[in-house]
Amino acid sequence: MGSLPVRIKRLRATPLPAYMTEHAAGVDLCASLSADFVLAPGERALVPTGLAIELPPGFEAQVRPRSGLALRHGIALVNSPGTIDADYRGEIGVILINLGSEPFTVSDGERIAQMVFARCERAEFIEVDELGDTARGAGGFGHTGR
């Protein structure tokens, strides 16, 4: 597995992201809070991480939910995956939502999401009058599962 140089800046005292196992695809992001807060069922909040990154051109970072929080507490990300573009230099924030039935306390330093790095290509759009035919055609949602 190769490595990607990513410049990172701590905006507050917060743990640096780390891979938790040898072959983990993502690093954990932690909440960087001055005080814990409660996320009520159905409520969402932007949770700061205290981190900013500089990605090389041609890469993005994807912010994804943690499966354990989803399974045990119904905690998810509203926009999953969230995209961090290579030219973004602000603080990484995570939009959490409580889809569970119980209030959930978000604590400072708690692992709230994971971040995965990926190459990305820029599309060059070529406007045409017709698109090529396929067996699927315009079959949409649920089409391949019938």
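Glycine is treated like the rest: Cβ placed from N, Cα and C.
Summarising the annotation, Swiss-Prot assigns substrate binding site to ARG66, SER67, GLY68, ASN79, THR83, ILE84, ASP85 and lists sequence analysis as the type of evidence.
Reduced to three states, the DSSP call for ARG66 (substrate binding site) is coil.
Following the DSSP three-state reduction, the secondary structure of ASN79 (substrate binding site) is coil. In this structure the residues listed as binding substrate are ARG66, SER67, GLY68, ASN79, THR83, ILE84, ASP85; their two most distant Cα atoms lie 26 Å apart.
Taking the Cβ of ILE84 (substrate binding site) as centre and 10 Å as the limit, one finds 20 other Cβ atoms among all the protein chains shown. In the structure shown, across all protein chains, ARG66 is the one of the binding-site residues ARG66, SER67, GLY68, ASN79, ASP85 with the greatest number of other Cβ atoms within 10 Å.
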